[in-house]
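Swiss-Prot lists S14 with the feature active site, proton acceptor. The ATP binding site annotation in Swiss-Prot covers S14, T15, G16, K17, G18, G42, H43, T44, Q207, N324, N327 and rests on sequence analysis. Residues or ranges marked as dGMP binding site in Swiss-Prot: S14, N40, S125, T126, R140, T222. Positions annotated as Mg(2+) binding site by Swiss-Prot, on the basis of sequence analysis: S14, G42, T293. Residues annotated as L-aspartate binding site in Swiss-Prot, with sequence analysis given as evidence: T293, V294, R299.
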Amino acid sequence: MKKATVICDMQFGSTGKGLIAGFLAERDQPDVVVTAWSANAGHTYINREGRKWVHCMLANGIVSPKLKAVLIGGGSQMSIPTLISEIMGSLDILQGKSILIHENACIIQQRHVEEEAGPMTKIGSTKKGCGAAMMEKIRRNPESKIVAKDFIDDGLEIPDFKLDGTVGFKDISRHFEELGVCIKVVSNEVYLAVLHKAERVQVEGAQGFSLGLHNGFYPYVTSRECTPAQICSDCNVPISMVDKVVGTMRTYPIRVANRFDDEGKMVGWSGPCYSDQTELTWEQMGVTPEKTTVTKLTRRIFSFSRMQTRQAMLVCMPDEIFLNFANYCASEDELASIIEVISNEGGDVSYIGWGDSAAHIETTLEGDWSDDTNPLFNQYNKSSNIA
């Protein structure tokens, strides 16, 4: 049965996946939302009332009015302290809901963070331990505790979690049961049963197409692919279940910050751009510099690329495009020219983002759910940023 929407980033990340995910979840009302994120990037959603969610572990689709379950796929690299913090921040909307972690989801531990803090990191990594944890999982050492099912009884490193004795998922489950939220590590069989019984599913990807291990500028890439096919694989979502792919883009793509030591020497370059792109400065743009959600470092910013658009379209083949940061364009003609490039490469710009909240999303879909009055260019031009 076709019932799943997949959200994927068509550039270098930070295109507003969290924003469109929250918007679509409130509109489409999925009962199951799915991710297989790593704890190295934040996804932000601000609703129409101004409430803000910044998530690295929980899908932004938790705002769905019909939510029943949040699935965290086996392809995830999880930070359990981060997960706990995010649940605590949304206890009101998670009452009576289930957070189900696939038994083979990877658990980041302090040794992984320490490993990435060393000389292996020369490519502008967020240094959250995600790549190191993934490598340990791939090594498949039977004596290694690395996936969720290894920590049912104990072994979790959660310094701020107030429990007596050793901490395992059973302890966490009991703690949150008293708070009205079900959180469990589940078998593949149970995970699949919940997925297939869902009426509507929303699947949220991370990072971006041009950061993909195979499609990106190797070695200046992330540790896996960022395509709809990879997102579905990491979440155990059958391709045949997908009836819509929503690709996210921005008018001026970004890359994460370069890394510098205490003396100002560059020790980590985040990588190149496409040959038809130019790296710009925030001063040239005339907007407040953006900082990454997790590391709080200033992002690099580039001009729009037809080459990037073409390659992402050919691999991701989205049904709809969310074009974000329209407020960064200097004129309506500039915005129109970017939309024309996307259209000429086969993309359908169905949503336009003018600011940092759901109230700033304009939809071009006839009869779609939107504000009574759409945002105006002059009102939002260069007025706000999205994390």
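Each Cβ is built from the backbone N, Cα and C atoms, and glycine gets one as well.
Local packing around the Cβ, expressed as the count of other Cβ atoms within 10 angstroms, is greatest for S14 among the recorded positions S14, T293, N327. Distances between the Cα of G42 (Mg(2+) binding site) and those of the recorded positions S14, V294, N327 are shortest for V294. When each of the binding-site residues H43, R140, R299 is scored by how many other Cβ atoms sit within 10 Å of its Cβ, R140 comes out lowest. Cα-Cα distances to T222 (dGMP binding site) place Q207 within 10 Å, out of the recorded positions S14, H43, Q207, T293, V294. For V294 (L-aspartate binding site), the number of other Cβ atoms no farther than 10 Å from its own Cβ, over all displayed protein chains, is 18. Taking the Cα of N327 (ATP binding site) as the reference point, the closest of the recorded positions S14, R140, T293, V294, R299 is S14. T293 (Mg(2+) binding site) has its Cα within 10 Å of the Cα of these recorded positions: S14, H43, taken from S14, G16, G18, H43, R140, Q207. Comparing C-alpha positions, R140 (dGMP binding site) sits nearest to Q207 among the binding-site residues G16, G18, Q207, V294, R299. Neighbour counts were taken as the number of other C-beta atoms within 10 angstroms of each residue's C-beta; across the binding-site residues G16, G42, the minimum falls on G42.
In the three-state DSSP reading, R140 (dGMP binding site) counts as coil.
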